[in-house]
Amino acid sequence: MAAAVEISKRSSSVAVSEIHDAAPSSIDIPTPQKIAGSPPADGTVKDAVAADDAQTQTSSDQTTHDQNKVCGVSWPLSSSPVYAILMHVEFYHVGSVCVWFILDFRFQKLRNGGSEQTSNTMGGNGAADYVGISEGPSPRAVNHGRKVSVLPLVFLIFYEVSGGPFGIEDSVNAAGPLLALAGFLIFPLIWSVPEALITAEMGTMFPENGGYVVWVSSAIGPFWGFQQGWMKWLSGVIDNALYPVLFLDYLKSGIPALGGGLPRVMAVLALTIVLTYMNYRGLTIVGWVAVLLGVFSILPFVVMGFISIPKLRPKRWLVADIHNVDWNLYLNTLFWNLNYWDSISTLAGEVENPRKTLPKALFYALIHVVLGYLFPLLTGTGAIPLHRDLWTDGYFSDVAMIIGGVWLRWWIQGAAALSNMGMFVAEMSSDSFQLLGMAERGMLPEFFARRSRYGTPLVGILFSASGVVLLSWLSFQEIVAAENFLYCFGMILEFIAFVRLRIIAPAAPRPYKIPVGTVGAILMCVPPTILICVVLALSSLKVMIVSLAAVVIGLILQPCIKHGEKKSWLRFSVSSDLPDMHAGIRENETLII
């Protein structure tokens, strides 16, 4: 193994010296036409690639043909042992994808260790230059402050997706203990693992703050990229309106005045202002605050689990009544608690060495989230007699009271409060940086790209906070259903972008690539797409009307913004630090070439 790593080091060094010397000085435009095969205007990129191919052929087998080279760095994924094996075995089953995610992650960690010094030389912080789809290097991104490292990123993802078991109580209310436990075991394989894998591949392919907006724009054009940004931003703001509601629902049992009226309104405003200010102060602060809040939020459930051991009755976990299941509430609860893995992509431009850090953080966060749901559910449903009607949001504090007493109840309530704070700041960071990324791409007016002295998107933060205040009067179930509906539309566009980029840009640099071909990529998206259709079909008429109205607003809003740009009513600009993704895209680009 040591010899193999040493050979990999030497091969990487040769590849670095060869491609660095041949790197073109201009940037190719990553448009669908060029991806499909039409030549670039100056031909510089193809000449450089041809020269590099000739040198690689001359140097015999020092570098394998399937390595992706970006600015002289030989990405190790396609040469990993797991990749070589799995490319000869059909493993389209979702469980196999999950197994690959664990095994190949370990192989990449070992191999990346051998090339870390080379990467640091090329990229400053250990990150290679960001390039467009056509493999031309772009100018280095401007450093707007300290970058987010692995541990804070894990907890930011944790809070984007979960934040702890607060809010999963409705799954027991809707379907009973057995289906609730089964849901949080099976649902991650159907939904969370594919979404996390796609986020890892696409997020490292486009490491900038636009995130999924850039993915969709690059694959199917800027119009649909804007629709993706609108639906995802609105979904995120609706999601953020949940957390003051959950915060106060957990505290109202101890402070009844917070149950409604003016005290509740003032509490929502005060909480929103404090947490918005925290986002204004910087993403690094938010990341480490998320770490501290995450540790404090999980600890009381660990303690409750140990205390409950003498009271556990395993037969209580097997209770199920298939004829008395509220499928709408059940699926919406699972969906809401296990989605938003892609939200971290809108912070990719703020991550230290995203090609390595992002996949690693997604892997650790996935384990953290699933265990953070199952352990409290096993404790709560196994240690006390079942009363399904009591299992609503906030019920874990009552479970803690029964199992451990008043002190544990207060600890759970405090943890719930801090967890909701963590989810709020993580979601607002994602939403506001998404608006900044869209402005840097020229999709929104230039003022959205302005940063505060702390490097944070001031205008985006204010817009997101305003949306939270306006929506915080809705009930918990209404908010969950509305945001799930909009989120589903956005995820369909992401799946289309993922598959289409595999078809039209199969050789594009992907620092982290899921080792499946085009057919495997399509099949991997089938189960979550079916789930999306089920969630949409089960939506209430009220939620469907409101959500479709929001979609229509987005369809109208984009042409209006473009008209304002044409009339010079608003000022737009595209950041010079990013590859020009939109030039040459036909105005009426369709989903099929």
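Cβ from N, Cα, C; glycine included.
TrEMBL: automatically predicted annotations, no manual curation.
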Looking at 22-45, 46-69, 118-141, which stretch does TrEMBL describe as region 'Disordered'? 22-45
Of the residue ranges 230-248, 458-476, the one that TrEMBL records as transmembrane segment: 458-476
Among 84-101, 210-227, 318-335, find the range that TrEMBL records as transmembrane segment. 210-227
Counting Cβ pairs under 8 Å that are 6 or more apart in sequence, does the total for the transmembrane segment (543-561) and the transmembrane segment (482-503) reach three or more? yes
Flag the pair the transmembrane segment (482-503) / the transmembrane segment (395-412) as in contact if three or more Cβ pairs fall under 8 Å (sequence separation 6 or more). no
Does the structure show the transmembrane segment (174-198) and the transmembrane segment (395-412) touching, where I'm treating 3 or more Cβ pairs under 8 angstroms (sequence separation 6 or more) as a contact? no
Top partner of the transmembrane segment (286-307) among 148-168, 395-412, 515-537 - counted as Cβ pairs under 8 Å: 148-168
Within the same chain, the residues 6 or more beyond the ends of the transmembrane segment (395-412) and with Cβ under 8 Å of it are 165-166, 169, 250, 253-254, 300-301, 303-304, 307-308, 311, 376, 379-380, 383-384
